[in-house]
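Visitor: Sending over a structure as structure tokens; questions will come in a sec.
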Amino acid sequence: MSWFRREKKGISTSTEEKKEAPDGLWNKCPNCKKALHSADLQENKWVCQYCSYHLRVGSKEYFHVLFDNNEYTELFADLTSGDPLHFVDSKPYTDRLLETTKKTGLKDAIRAAHGKIEGEEIMIACMDFNFIGGSMGSVVGEKIARSIDYSLKKKVPFLMISKSGGARMMEAAFSLMQMAKTSAKLALLSQAKIPYISLLTDPTTGGVTASYAMLGDINIAEPGALIGFAGPRVIKETIKKDLPKGFQTSEFVLEHGFLDFIVDRREMKAKLATFLKMMKK
Ligand SMILES: [Zn+2]
């Protein structure tokens, strides 16, 4: 029976004839579920125009939001991770790195760039959550250290944008060492009296919170971001008590004195520029 036998193999419609909505033109707000057009999203700095929810974005978007005319020079772009422990979980670490690079176009969970914010020079290192959960491995630590060296050499302020699930377990102690390394470098920046601004975005947790993210001359956060060290479940099991409402949000952390203030992403550039100008005096 020819009904049951495919006579022509595969899809015969040519690519030009296909009628598809352009990929990624519409997004849905994870909070209010309303449809958001990508052009509007970019215009609104990836903040929902209906409920002000701050969507999770990466270094590309933050650079776009902050740098004048989206002009910047990316530094240390070729650093990639080794696999000193020959680590294998569900797959070898080297395979995971290759796959993630292919999927995201990123070499690791951070990008560093030098540019200007309202004419003020700045060095920015920004983490990417899409790359193995924004985990802090040796490349993240090394790029931060080199960014700080650059800030020291050029005498320009340093802005760190954190977004991380914590340490990268596939690098074990090599990952944990980055906490000490970056903190020591930041101490040098402080001695040289060069400003360090730390911006915590959703989520900033684990070893990142326990090191460079909380060491800013000013620590700022985006609204509604998850900020903490251990996850709420672990804490609840440890202290055997219910956790307060809004626990580990930017607002809660601000109230408890760990942040200086919370800034809406749409006002971030202007606010940072004010600080850069103020601190120059
Ligand atoms: Zn929304």
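Note: Cβ is positioned from N, Cα and C throughout, glycine not excepted.
So TrEMBL has the following annotated:
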REGION    1-23  region 'Disordered'
DOMAIN    25-281  domain 'CoA carboxyltransferase N-terminal'
ZN_FING   29-51  zinc finger
BINDING   Cys29, Cys32, Cys48, Cys51  Zn(2+) binding site
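Tell me what's around each of these sites.
Guide: Note on the domain 'CoA carboxyltransferase N-terminal' (25-281): mean pLDDT across this stretch is 96.
Through the fold, the zinc finger (29-51) approaches residues 57, 61, 64-65, 264-266, 268 of its own chain, all at least 6 residues removed from its boundaries and within a Cβ separation under 8 Å.
If you take the C-beta of Cys29 (Zn(2+) binding site) and look for same-chain residues 6 or more apart in sequence within under 8 angstroms, you find Ala35, Leu36, Cys48, Tyr50, Cys51, Tyr53, Leu55. DSSP assigns Cys29 (Zn(2+) binding site) to coil in the three-state reduction, placing it in neither a helix nor a strand.
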Visitor: Compute the centroid of the Cβ atoms of Cys29, Cys32, Cys48, Cys51, then list the same-chain residues not in that set whose Cβ lies within 8 Å of it, in sequence order, for the Zn(2+) site.
Guide: Pro30, Asn31, Lys33, Lys34, Leu36, Gln49, Tyr50, Ser52, Tyr53
Visitor: If you draw a 10 Å sphere around the Cβ of Cys48 (Zn(2+) binding site), how many other Cβ atoms fall inside it, taking every protein chain shown into account?
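Guide: Excluding its own Cβ, Cys48 (Zn(2+) binding site) sees 21 Cβ atoms within 10 Å.
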Visitor: Specify the secondary structure state of Cys51 (Zn(2+) binding site) as given by DSSP, simplified to three classes.
Guide: coil
